[in-house]
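Trainee: According to TrEMBL, the protein has these features:
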| type | residues | note |
| --- | --- | --- |
| DOMAIN | 4-115 | domain 'Tetrahydrofolate dehydrogenase/cyclohydrolase catalytic' |
| DOMAIN | 134-275 | domain 'Tetrahydrofolate dehydrogenase/cyclohydrolase NAD(P)-binding' |
| BINDING | GLY160, ALA161, SER162, ILE226 | NADP(+) binding site |
Amino acid sequence: MNIIDGKQIAQNLRASIKLKVDTLDRKPGLAVILVGNDPASAAYVRNKDNACKEVGFYSEKINKPVNTTQAELLSEIERLNNSDKIDGILVQLPLPKHLDTNSVIEAISPKKDVDGFHSENIGKLMQNKPFLRPCTPKGVMTMLEATGVDLVGKNCVVVGASNIVGRPMACELLNAQATVTICNSKTKNLSTKLKQADIVVVAVGIAKMIQGDWIKPGAIVIDVGINRLDNGRLVGDVDFEFVKRVVGWITPVPGGVGPMTIATLLENTLTAYEAKI
Ligand code: GUN
């Protein structure tokens with residue numbers, strides 16, 4: 001069994017971004033907007049802001065009150081769309097219920113959409129002509145590359161079909177010429193499907209859902225889940241202690257996909273910067 005060390009791969013990626021940034025006159029700029037004060041979202045935004053500073057980016061952390069109106073949020077996005085200092089704009093999700101998430105995403109200039117959630121960027125990914133690619137799935141592709149395993153023709157099962165992870169993940173694997181099955185909460189005989197998979201990516205948000213005897217010996221298992229148990233411990237969607245005994249490669253939680261998502265956000269900001277000049 002081999003661990004895919006997301007923390008280390010992310011650190012290497014950040015170091016190579018920093019080297020590049022050190023050569024630039026104008027620094028790449030990222031704006032991160034948080035609406036409200038959800039503690040988990042606030043922590044993610046803080047981590048993103050710190051990561052920017054570490055690689056030498058210009059960063060704006062914008063905290064809006066929970067009662068911010070749609071018009072106020074759209075006007076902030078418009079200001080950032082027009083700012084010469086800003087190459088990437090990220091609105092932390094989920095938004096408070098009174099706001100329309102989809103129209104907020106569509107208001108971000110596709111050229112600055114470093115989350116890769118705008119319909120134009122999702123469309124380009126679907127056509128295998130990607131520009132800005134959603135961070136978590138792109139980070140998973142970087143981790144898969146690090147294993148050195150050839151993805152062409154491999155059987156992949158993606159568990160979870162969200163816009164943020166599952167759907168773009170399936171698309172990334174398809175673009176890499178793998179054979180892809182996308183499962184959701186209504187899928188029948190999930191364990192039978194998983195048993196045939198060379199590569200499994202799980203993003204469902206249910207602690208320890210994936211069991212050791214569901215996995216094909218030697219498979220690669222990527223765990224996108226981050227769940228907090230009652231005792232405060234963080235665990236993934238995979239029952240790590242048992243699954244690790246059968247896999248070829250596995251990502252830990254924490255220290256797996258999480259650090260890769262943030263490093264990939266920086267990578268996307270650099271891509272947006274380079275496309276602009
Ligand atoms: N909330 C959970 N994941 C993400 C993400 O990748 N981007 C944004 N903007 N919000 C999120």
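Using N, Cα and C of the backbone, Cβ positions are placed for all residues, glycine too.
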Trainee: By DSSP, what is the split of the domain 'Tetrahydrofolate dehydrogenase/cyclohydrolase catalytic' (4-115) into helix, strand and coil residues?
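Mentor: Per-class counts: 53 helix, 18 strand, 41 coil.
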Trainee: Tell me which residues of the chain lie with their Cβ under 8 angstroms from that of GLY160 (NADP(+) binding site), as long as they are six or more apart in sequence?
Mentor: GLY166, CYS183, ASN184, VAL202, ALA203, VAL204, GLY205, VAL224
Trainee: Within the domain 'Tetrahydrofolate dehydrogenase/cyclohydrolase catalytic' (4-115), what mean pLDDT does the predicted structure show?
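Mentor: Taking every residue in the domain 'Tetrahydrofolate dehydrogenase/cyclohydrolase catalytic' (4-115) and averaging pLDDT yields 98.
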Trainee: Looking only at the domain 'Tetrahydrofolate dehydrogenase/cyclohydrolase NAD(P)-binding' (134-275), what are its DSSP counts of helix, strand and coil residues?
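Mentor: So the domain 'Tetrahydrofolate dehydrogenase/cyclohydrolase NAD(P)-binding' (134-275) is made up of 55 helix, 26 strand, 61 coil.
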Trainee: Looking only at GLY160, ALA161, SER162, ILE226, which the record lists for NADP(+), tell me the maximum pairwise CA distance in angstrom.
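Mentor: Result: 16 Å between the two most distant Cα atoms.
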Trainee: Are there any residues in the same chain, six or more apart in sequence, whose C-beta is under 8 angstroms from the C-beta of ILE226 (NADP(+) binding site), and if so which?
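Mentor: For ILE226 (NADP(+) binding site), the qualifying residues are LEU234, GLY236, VAL253, PRO254, GLY258.
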Trainee: Please report the number of other Cβ atoms within 10 Å of the Cβ of SER162 (NADP(+) binding site).
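Mentor: For SER162 (NADP(+) binding site), the 10 Å Cβ neighbour count is 15.
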Trainee: So if I draw a 10 Å sphere around the Cβ of ALA161 (NADP(+) binding site), how many other Cβ atoms end up inside it?
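Mentor: So the Cβ neighbour count for ALA161 (NADP(+) binding site) comes to 18.
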